[in-house]
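Have a look at the structure below, then the notes.
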Ligand code: HEM
């Protein structure tokens with residue numbers, strides 16, 4: 001099915017809301033991830049020995065920023081070409097080494113959608129959430145294809 005300009009616009013505008021307060025939404029994103037998958041704590045070097053998710057931690061913020069930016073880029077790709085091509089094919093190796101699996105990708109998707117919901121407040125809609133979900137799924141499949 002076609003990914004419409006409207007869906008791309010929904011992703012872009014909500015990404016802007018998210019990006020307004022990256023440190024806050026980054027902590028929220030990881031809170032949602034660890035609620036569902038406490039085991040993920042051991043995957044991230046900065047979380048491993050910490051009692052709580054460090055606020056404004058550059059490394060945590062960096063992964064959050066990359067995930068949300070790449071989903072946004074995936075939405076743009078879907079709109080223009082109908083498919084998601086991974087710019088950085090080493091992402092497969094990185095996630096394989098960290099023992100990331102399909103379930104983790106589901107957990108991260110759920111956390112991403114909940115974070116976007118918080119970021120946009122009353123602008124949230126089923127349509128907006130679906131647009132993020134489609135873009136995320138396209139990207140996750142592209143990464144998983146590179147994983148051994
Ligand atoms: C690293 C993106 C999903 C765990 C990375 C990096 C990027 C990235 C760009 C940095 C790679 C590098 O250092 O060269 C993404 C995207 C995802 C995704 C776009 C989903 C579409 C996940 C999931 C998990 C995960 C589901 C596990 C819960 C990690 C870990 C690292 C990493 C542990 C290494 C960071 C560290 O050592 O602290 N990811 N990722 N990622 N990712 Fe992901």
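Using N, Cα and C of the backbone, Cβ positions are placed for all residues, glycine too.
Taken from Swiss-Prot as is:
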| type | residues | note |
| --- | --- | --- |
| DOMAIN | 2-148 | domain 'Globin' |
| MOD_RES | 30 | nitrated tyrosine |
| MOD_RES | 45 | phosphoserine |
| BINDING | 45, 95, 98 | heme b binding site |
| BINDING | 63 | O2 binding site |
| MOD_RES | 136 | nitrated tyrosine |
- Task: Within the same chain, and leaving aside 45, 95, 98, name every residue whose CB is within 8 angstroms of the centroid of the CB atoms belonging to the recorded heme b site, in sequence order.
- Result: 43, 44, 94, 97, 99, 100
- Cα distance (Å, whole number) from the residue listed as 'O2 binding site' to residue 30 (nitrated tyrosine): 10
- Query: Just how many other Cβ atoms lie inside 10 Å of the Cβ on residue 98 (heme b binding site)?
  - Reply: 14
- Message: Given the recorded positions 30, 45, 98, return the subset with CB under 6 A from an atom of ligand 1, ordered by sequence, or none if empty.
- Response: 45, 98
- Three states by DSSP: which one describes residue 45 (phosphoserine)? helix
